[in-house]
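Please read the structure below before turning to the comments.
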């Protein structure tokens, strides 16, 4: 090691742990040296007295090596130190335990306080004086959304939904029907577990498991392949790209969901109209940000953005799942007020809501009330001051509703979904036999009879072509990568740190046999880059996947443009990292300076970085959370390292593994390509301590005694061919002797390795 870094060895817990384990394992162990593992070998060399083992620590004329000698000569490890090393590991354990306790006690990492908004450069809103603010308020109040001229009627009839469970199936929805008309805001309510969100997901075609039965119609037609794109679904969780501004997020949705024939200028104008409608002018150029980091827009503003993201696609129908969840009273009122504005503009809106206040409830026109078992307890108008709804329950045996009572709480108490949790009636049976249910049934049957069954919906699921989708997704992802400095600077730091540490650890390697081994292991340390990139890429991919799942469900774009964008967006960054690693590592380690060797190292290592990131993405795609990916990572990386050919040459592997695992291991092709590239043609020069001593039979010189060995293909050379007592044998002539003899690799394979790694 370079003297500057040698101190790290003494404070490294792994060094003490490894020394303790290997010393315990090697103590008094005998390594037998038979056949090619002792020199010289061949038919004319039968006397072990004139042969020497090739392992470090060998003695002339002895056909074995003691593990104690091997460790002492090769690594400077001594058996008598193993208990010292054990105690050192215990002390490190105690030190880090105390350090952890102190950090938990005194180090405060969480940020407290308000959220900070971050705007694009030059886009921060200006403070308005009092008269301007008043004028803007008047403008906002008078701002009207252009009416939806093609009013949409949405209906569902005899909806049943069952899911598989252990031992059979469970029915979550039971014979539910309903209608949402243009300009109507319909509340979907019920007790926890009654099936509110389940019904919303079924109607919005968001369920991917279970069996769905029933009929769903949009404007009296069966749902077409464009249904998900032409309807808006606002999820309970506000999932947005934190690196995008509000305006950018809305434009992205508008470009991908509105028809391709709509001009870009018209889409942009519609986005601005939605921004005014949702009163988001002041935050239009603010980054969405991350609440946990204390940067970005507020919770209520995120909810408004969720709704606006759906509106810019010009949906025919809006689904909202618990839009007031997690909001305070004022924010909840604002959100429901916005939803009411949408209904007044002509949109049909179906919204799940949990125990709304009387103030919120009065904004709704109709109610679909579910009880446990996924059954309907009421569907119909709410009426002025909830009079129609209350009259229904009182007329059918419900308790008298106090004028001061919250109508929403009253009906939930009636059906046993309130605080008491009790009811005296089966309200689903009451509904089934009521005139209101019969009237609804007749209306739904009329819609069913009026359907033109010969009509075929020819509209596609996506509004844009594959390449148009890809270009928009790629541009958005490129901006997202650029605006995430923690991700890229973290990787940049790892690249430079690993490159410099590896380079200075193997500082200016020479040409001795031990330097040949160090050359190989210096290249082997490049695998550390793989682990770093895999670990850092996975959380990033999982973030992108969250947005993809929401956008894919609404048919913004397909999985192909997303996957292709994830890979291509990394290319400029990985090329930059490869260049930096080359400068930090290659020349500090003193590797071959020929231009063709440098060029091959660069392109081979660059492709390896692409492979590492793609492997990280693949593992992340099969993992639900970063901790799960962290559990899976060591399984793959340890197997790949184990069978790469460095830890154990293929000739020493069990036949089962060497027959296939060695050949399908990408690390094999990476390491072979890099090792042969930096070692081929390097002349090995043995120093005084590098020579292997071999006893010479009486009456012969070293050259005469070793002539048969070299004539039969033996490698290496003699440092004293004219000596007659002890030969000084250098076991390698060139670097290629080292990897060909030990592993079986060949310089002629390096472009093959590059091609396979590219695949």
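Keep in mind that glycine also has a Cβ here, set from the backbone N, Cα and C atoms.
No curator has checked TrEMBL annotations; they are predicted automatically.
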Transmembrane segment according to TrEMBL, located in which of 437-461, 462-486, 562-586 | 562-586
Feature transmembrane segment in TrEMBL, mapped to one of the ranges 402-419, 492-509, 654-671 | 492-509
Of the ranges 39-60, 61-82, 83-104, the one TrEMBL annotates as transmembrane segment is 83-104
Do the transmembrane segment (521-542) and the transmembrane segment (628-647) share at least 3 Cβ pairs under 8 Å, sequence separation 6 or more?
-> yes
What mean pLDDT does the predicted model reach across the domain 'ABC transporter' (154-398)?
-> 89
Cβ under 8 Å to the transmembrane segment (598-622), counting only same-chain residues 6 or more beyond its ends: which ones?
-> 526, 529-530, 533-539, 541-542, 545, 566-567, 570-571, 574-575, 577-579, 581-582, 586, 591-592, 629, 632-633, 636, 666, 670, 673-674, 677-678, 750, 753-754, 757-758
Same chain, outside the transmembrane segment (628-647) by at least 6, Cβ under 8 Å from its Cβ: which residues?
-> 520-521, 524, 527, 530-531, 534-535, 538, 542, 615, 619-620, 622, 653, 657, 661-662, 665-668, 670-672, 743, 745
